[in-house]
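The following features are taken from TrEMBL:
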- 403-422: compositional bias 'Basic and acidic residues' (COMPBIAS)
- 424-433: compositional bias 'Low complexity' (COMPBIAS)
- 434-444: compositional bias 'Polar residues' (COMPBIAS)
- 403-444: region 'Disordered' (REGION)
- 1-20: signal peptide (SIGNAL)
- 36-58: transmembrane segment (TRANSMEM)
- 166-185: transmembrane segment (TRANSMEM)
- 206-229: transmembrane segment (TRANSMEM)
- 235-256: transmembrane segment (TRANSMEM)
- 277-298: transmembrane segment (TRANSMEM)
- 318-338: transmembrane segment (TRANSMEM)
- 350-373: transmembrane segment (TRANSMEM)
Amino acid sequence: MKFPGSVLASVFLFVAETSAALYLSSTYRSGGDGMWQALTLLFSLLPCALVQLTLLFVHRDFTRDRPLVLLLHLLQLGPLFRCFEVLCIYCQSNHIEEPYVSITKKRQMPKNGHSEEIEKEVGQAEGKLFTHRSAFSRASVIQAFLGSAPQLTLQLYISVLRQDVSIGRGVFMVLSLLSIVYGALRCNILAIKIKYDEYDVKVKPLAYVCIFLWRSFEIVTRVIVLVLFTSVLKAWVVIDILINFLGFLFYPWILFWCSGSPFPENFEKAFSRLGTTIVLCFLTLLYAGINMFCWSAVQLKINNPDLISKSQNWYRLLVYYMVRFIENAFLLLMWYLYKTDIYMYVCAPLLMLQLLIGYCTAILFMVVFYQFFHPCKKLFSSSASESFQEWLKCACCHRRQRESCESAEKTDLRSPADREETPSSSKISSMPSQILNTDELSSA
């Protein structure tokens with residue numbers, strides 16, 4: 001049975017980040033910074049409450065008679081209790097032989113165009129551990145993008161304004177960054193396992209390393225760009241955030257309304273129509289929070305029973321990174337034009353170049369992952385590089401056709417008067433002979 005290392009990592013980041021947030025908020029209170037204290041507590045306690053609700057929802061404890069568990073979650077101690085429960089299940093599974101097992105069927109990755117179906121016995125303990133891993137994976141994503149990401153942006157902004165990084169704030173920012181990257185990594189793995197649920201997916205260590213580097217460069221550059229822009233144009237950053245957030249928030253609902261599909265009511269039988277609406281709104285909120293800082297790796301599809309689109313759309317991925325790169329470059333340009341005296345000793349052009357190169361490095365690691373280390377790359381109809389080449393060919397052909405149409409329109413728009421004013425070769429050749437005849441007549 002696989003050791004539940006992902007559960008321990010999630011609980012460690014949850015406890016460490018919450019403790020650091022409480023300590024840092026106390027320092028802000030002692031320093032008289034009430035606003036920083038309130039924002040720090042908000043970005044810490046809100047994801048804590050959402051994590052408790054997620055664990056209760058995945059384990060279906062709302063419909064079970066477990067008052068002690070509900071009390072522990074109410075006291076924000078749910079993740080610690082769940083971690084203790086996971087360790088107990090793992091330790092007892094090696095000593096107790098289970099009388100009842102269930103059989104699951106998975107398909108192997110295709111080899112030479114053929115895919116075999118394998119059967120695997122899953123005991124009750126392994127099934128419980130799988131549920132715990134799934135719950136903590138979702139909790140890590142929620143904590144990362146609804147708590148750690150805005151928290152890291154806030155603390156870095158405070159450090160820029162004060163031109164100082166204390167030890168407590170520096171440790172807190174490192175923990176927040178690790179939480180965001182880990183949440184993005186879990187988001188990638190969850191997306192792969194949901195999309196290819198019928199296959200036996202095995203992620204290699206090099207794939208984890210590639211995803212970690214991809215997400216690290218992407219998130220670090222995005223947060224720094226937002227902080228730099230906020231430090232010089234505070235009012236305009238609100239508009240940028242609202243456009244990004246509201247765009248990704250309403251995009252799945254717009255696609256759902258345009259499709260004309262009925263309201264989804266079959267993905268959770270225990271929920272009423274109101275409960276289903278609340279869950280869908282929360283999912284779109286999380287989807288918008290993820291896309292604010294990095295690529296979500298999935299396309300939310302409300303009219304799908306699995307709530308995500310299982311097709312691999314390379315063009316949507318390409319458009320996202322192109323638009324995000326242009327946005328980052330524009331925000332950096334605005335920062336360069338309106339930077340204040342606090343950046344007196346900063347080489348602005350070099351910093352802009354480093355951030356843009358860092359974002360391009362993230363895109364490079366993303367392409368390497370999908371091209372070489374994706375566990376289900378054999379199931380792709382076309383690779384990332386092939387799709388990119390096809391897109392470039394289509395763009396070049398479209399440009400050539402447009403240029404040819406424009407040149408044809410220019411030739412057609414030439415007026416008949418312009419054509420008549422242009423002398424023909426016969427007229428030009430007859431002019432010297434006419435001049436000679438007039439000369440001869442005058443001499444005679």
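Numbers here mean position along the shown chain, with the first residue as 1.
Every residue gets a Cβ built from N, Cα and C, even glycine.
TrEMBL entries are annotated by machine, without manual review.
Segment contact is absent for the transmembrane segment (318-338) and the transmembrane segment (166-185), given fewer than three CB pairs below 8 angstroms at sequence separation of 6 or more.
Taking Cβ pairs closer than 8 Å, the transmembrane segment (235-256) reaches residues 226, 229, 284-285, 287-289, 291-292, 300-303, 327, 331, 334 in its own chain, all 6 or more past its ends.
Proximity of distant same-chain residues to the transmembrane segment (36-58), defined by a Cβ-Cβ separation under 8 Å and at least 6 residues beyond the stretch ends, is recorded for 14, 17-18, 21-22, 24-25, 28-29, 69-70, 73-74, 76, 78-79, 82, 131, 134-136, 138-139, 142-143, 146-148, 150-151, 154-155, 158. The transmembrane segment (350-373) shares more Cβ pairs under 8 Å with 206-229 than with any other stretch in the list 166-185, 206-229, 277-298. Within the chain carrying the transmembrane segment (206-229), a Cβ under 8 angstroms from the stretch's Cβ atoms is held by residues 149, 152-153, 156-157, 160, 177, 180-181, 184-185, 188, 236-237, 240, 293-295, 324, 328, 331-332, 334-335, 355, 358-359, 361-362, 365-366, 368-369, 373-375, all 6 or more beyond its ends.
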